[in-house]
Structures are given as C-alpha cells and as structure tokens.
Amino acid sequence: MAAASHASGGGTSHRGVLLLLLLPGLIALLMTFLLPLVWLVRASFASSSMAALRGGDWTLESYRTVLFDPFYWKIAWNTLYLGVNVAIFAVVLSYPIALFLARTQSRWRGVLTALAVAPLLTSSVVRTYGWMVILGDRGVINTALQSSGLTDGVIRLTNNYFGATVALIEILMPYAILAMLSGFGRLNTQLEEAAAMLGANRLRVFTRIVLPLSLPGVLTAALLVFVLAISSFVTPRLMGGGRVFVIGTEVYNEATVTLNWPLAAALSVLLLVLFGSVIVIYQRAMRALET
C-alpha cells in the first residue's frame, strides 16, 4: 500500500516537473500564435481599422466582400493556381535528387546533401533578386538570346506569374528535398532486388515498388511546398512587379496601403481556411495509402 502510494506520488511529481518544463514553450506559443490569431479573427469582424483596435461595431462586411466580390475570387484562384504549379514542379524536380541522396553509398553523401539544402542559408529575398537578374528584361537569359540572334525583342519573363512560379520553385525545392529525403530512407531495397530477380525491368520496379512506397514522402513534400507557396509574399511581389495578385500580396496592400485592416484580416482567415482544407485532404490521402 505504501509502495503504491509512493509510486502514485512519484508519478504526480513527474507530471508536475514535465508541466513545468513545458510551461515556457506553452507561454511562448500563447503569446506568439494563439493571441495574434484571436486578434486576427476578431479584427476581421470589425467595421473599420479603428474598431479593430478599440472593439465594438462588429460586422460581416469584410467577409461579404471576400466571399462575393469577383476580384477576391480571382485572387483566391490565382493563389491556388500558383501553389499547385509550384508544388508539382518542385516535387517532380526534387524527387530524383532526394532519391539519389537516399540511395547513394558515396562518402560524399553528407556533402551532397548539404549542397542540396545550402540555398536555405540564403534569404529568399536575395534569391528572388537573383532571379530578377537572370530573368529580367536586361537579364542573363534575354541578353544571351539577343546576342545569339535567336530573338530580336525582349521576352517578358518577369512581372508575371511565370517569373513568380520559377523563382518559388527554386526557392522551395530544398524543403521538398528534405521532406522526401526523410521518407525515402524507409524504402526497402530488398523488394526491388526481389522484383528484379523475378524479371521486372527498372521501369516496372520503379512504377510498381519505388513510387508507391515513396508516395507518403512525396505527399508530405507537396503539402509543405504548397503551404509555403500560397503564403508567400516577397517573391510574388518582386517577381510579379505589381501584376501578380495573390492572397499574400493583397493582405499587404490592404493592411499597409489602403489601411483596411478588417479586410486584410478576413483575407488572412481565408488563407488559414485554405491551409486547413489542404491539411484535411493530405490526412485523408495518407490514410488511403496506409489501407
């Protein structure tokens, strides 16, 4: 009986210590995420920017604008279109790199992995400006094409969705590589060897064994890249030159240019809803793969 009481007391003490250790993180989470999120939702119902600060005068006007104005439907579609394109191309381009890094037995594997993710050490702003130099009207590509006589005029590669998409693909590829690399490490090479011994060629082994087993990592990478792409602001704004309208750029415009904080907050809530919807789809897809 005494032993049981002692064990119970020890368990309670252990939980208390654990809670004490978690307390700083919980406070930081509350201050940096939950409270701003509550204020954001609250501000989206305000009738004006001053009402968002002071409180009172609640209205659904901002949500009515977001949900029924064709301009914001177009922005939502542009955001989804950009995110899907970036996710598809980033995953497709990153897949062979991640698969090679997961399979190679080279002593340089660590160095190669570091090189693949090294761009993350550079600010996305700097990398975006690099793409402006490459794709600009007087950039590397246009200068090379005109010098070689392949084109007489300027090919517009920036100030449009093409430039924003290309830059985001390169910027987010390291995230896709890391996400897939963690999943590809669990691939069983013995299954591939068995299939090869039974007469399956490399293409059949890849389509029937490697690709299905690697799909969880692919979906994780696609989710990560998609979420980062639709929430991006700097790259679409710089590469778009004010001609690329996505939710991130419009939130900035409403919050800093027109000073319509309730509408900016409502657009941010819409972005959070998109996040949640994509995560639900991802979870269902992962459950389908497990069954």
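Positions of Cβ are set from backbone N, Cα and C atoms, glycine also.
Residues or ranges marked as transmembrane segment in TrEMBL: 17-41 (among others). Panel annotation: around the transmembrane segment (17-41), residues 265, 268-269 of the same chain, lying at least six beyond its termini, place a Cβ under 8 Å from a Cβ of the stretch.
Per TrEMBL, the feature domain 'ABC transmembrane type-1' maps to 76-282.
Marked as transmembrane segment by TrEMBL: 80-102 (among others). Note on the transmembrane segment (80-102): residues 109, 112-113, 116, 161, 164-165, 168-169, 172-173, 175-177, 180-181, 184-185, 187, 210, 214, 217-218, 221-223, 225-227, 229-230, 236, 244, 246, 274 of its chain, located 6 or more positions outside it, place their CB under 8 angstroms from a CB of the stretch.
Here the transmembrane segment (114-134) has long-range neighbours at 97, 101, 140-141, 158, 163, 166-167, 170-171, 173-175, 177-178, 234-235, 238-239, meaning same-chain residues at least 6 beyond its ends whose C-beta is under 8 angstroms from one of its own. Per TrEMBL, transmembrane segment is recorded for 114-134 (among others).
Residues or ranges marked as transmembrane segment by TrEMBL: 161-184 (among others). Tertiary neighbourhood of the transmembrane segment (161-184): same-chain residues 78, 81-82, 85-86, 89-91, 93-95, 97-99, 101-103, 113, 116-120, 124, 127-128, 131-132, 135, 214, 216-218, 220-222, 224-225, 228-229, 232, 235-236, 239-240, 244, selected by CB-CB distance under 8 Å and a gap of 6+ residues from either end.
Residues annotated as transmembrane segment in TrEMBL: 205-230 (among others).
Sequence-distant neighbours of the transmembrane segment (261-282) (same chain, 6+ residues past either end, Cβ-Cβ under 8 Å): 40-41, 43-49, 51-52, 61-63, 65-66, 72, 76, 79-80, 219-220, 223, 226-227, 230-231, 247-248, 250-251, 254-255. Residues annotated as transmembrane segment in TrEMBL: 261-282 (among others).
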Residues of the parent chain within Cβ reach of the transmembrane segment (205-230), under 8 Å, 6 or more residues beyond its termini: 79-80, 82-84, 86-88, 90-91, 94-95, 98-99, 168, 172, 175-177, 179-184, 186-188, 191-192, 195-196, 246-248, 271, 274-275, 278-279, 282, 285-286, 289
